[in-house]
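Asks: Sharing the record's features from TrEMBL:
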- 260-272: compositional bias 'Polar residues' (COMPBIAS)
- 288-301: compositional bias 'Polar residues' (COMPBIAS)
- 82-201: domain 'Palmitoyltransferase DHHC' (DOMAIN)
- 260-322: region 'Disordered' (REGION)
- 6-27: transmembrane segment (TRANSMEM)
- 127-145: transmembrane segment (TRANSMEM)
- 165-187: transmembrane segment (TRANSMEM)
Amino acid sequence: VVLYFLLLFVCLVAYHIFFMLFVWSYWKTIFTLPMNPSKEFHLSYSDKESLEREPRGESQQEVLRRAAKDLPIYTRTMSGAIRYCDRCHLVKPDRCHHCSVCDKCILKMDHHCPWVNNCVGFSNYKFFLLFLAYSLLYCLFIAATDLQYFIKFWTNGLPDTQAKFHIMFLFFAAAMFSVSLSSLFGYHCWLVSKNKSTLEVFRAPIFRHRTDKNGFSLGFSKNLRQVFGDEKKYWLLPVFSSLGDGCSFPTCLVNQDPEQASTPGGLNSTSKNESHLFPAKPLRDSQSHLLTDTPSWSETSAKAEKGKVGMSNPALTMENET
């Protein structure tokens with residue numbers, strides 16, 4: 001009898017822990033507002049007027065070139081141009097996309113989820129992962145504790161009341177949700193391990209010299225820390241601990257040699273005399289330590305960039321992207 005009540009107590013505690021974490025992470029996923037690009041990525045009033053006044057072509061690109069020269073922008077459109085949103089009137093940061101449902105640009109957008117009625121992006125991606133994890137654990141726990149009664153249902157071991165149909169429905173619902181959630185959670189775990197978003201799986205990011213589907217991957221450990229943060233005590237809690245500001249990201253192409261890189265089809269080629277590399281520090285200080293083991297990291301480049309938003313990149317070619 002004592003063992004039975006002890007087991008019942010453990011099950012009740014485990015159930016309520018899974019339930020509270022599930023509701024907490026679900027709440028945070030729904031009500032955390034997606035982050036939008038900061039004001040430095042928006043065109044100034046004069047730039048907007050110049051852009052509207054100039055015809056499409058080199059004149060318009062020159063306006064955008066001036067606006068984007070000091071921004072940490074290293075991804076391109078398929079034609080090799082800077083990614084510009086003519087609805088939000090801003091230069092898109094890396095990994096930022098315009099959501100047609102929210103009608104705004106979302107930092108590190110993964111997808112717009114109808115189940116949470118919100119965009120999943122930089123500000124709530126960790127919460128979304130925890131929501132999947134805890135909902136999966138919650139469903140597995142219910143299915144496991146209900147299994148013995150489900151077996152008794154088919155062996156006529158339960159009293160002949162309507163309650164037995166509730167047991168059958170509960171088991172089937174928990175089991176089916178467990179299957180669907182396990183596949184979705186496994187997929188997003190793979191995305192985290194590769195430092196990709198759902199959008200980047202379907203369309204790989206295009207960098208200055210080539211398309212690279214693993215351009216943002218820094219290795220499993222660093223990819224994990226970029227989403228969950230450095231302090232492990234916060235990893236399992238739905239509190240924001242992701243690294244960075246969502247506007248700039250470290251890239252494995254930080255040491256790419258432009259003389260050796262091949263230019264993919266559809267991208268504008270660059271001059272052979274051009275010596276501009278991917279900057280040694282193309283990200284905010286909050287993420288810079290992810291690259292501290294990179295050989296080319298230098299104190300000189302760090303001092304040169306102190307107080308600046310990003311590296312100047314005047315060799316970019318640009319055009320509007322809807």
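Heads up, the Cβ atoms here are built off N, Cα and C, so glycines get one too.
All TrEMBL annotations are machine predictions without curation.
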Asks: Near the transmembrane segment (6-27), which same-chain residues lie under 8 Å Cβ to Cβ, leaving out any that are not at least 6 residues past its ends?
Replies: 116, 127, 130-131, 133-135, 137-138, 141, 145, 236, 238
Asks: Provide the three-state DSSP residue tally for the domain 'Palmitoyltransferase DHHC' (82-201): helix first, then strand, then coil.
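Replies: Secondary-structure composition of the domain 'Palmitoyltransferase DHHC' (82-201): 66 helix, 18 strand, 36 coil.
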Asks: Mean pLDDT for the domain 'Palmitoyltransferase DHHC' (82-201), as a whole number?
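Replies: It averages 92.
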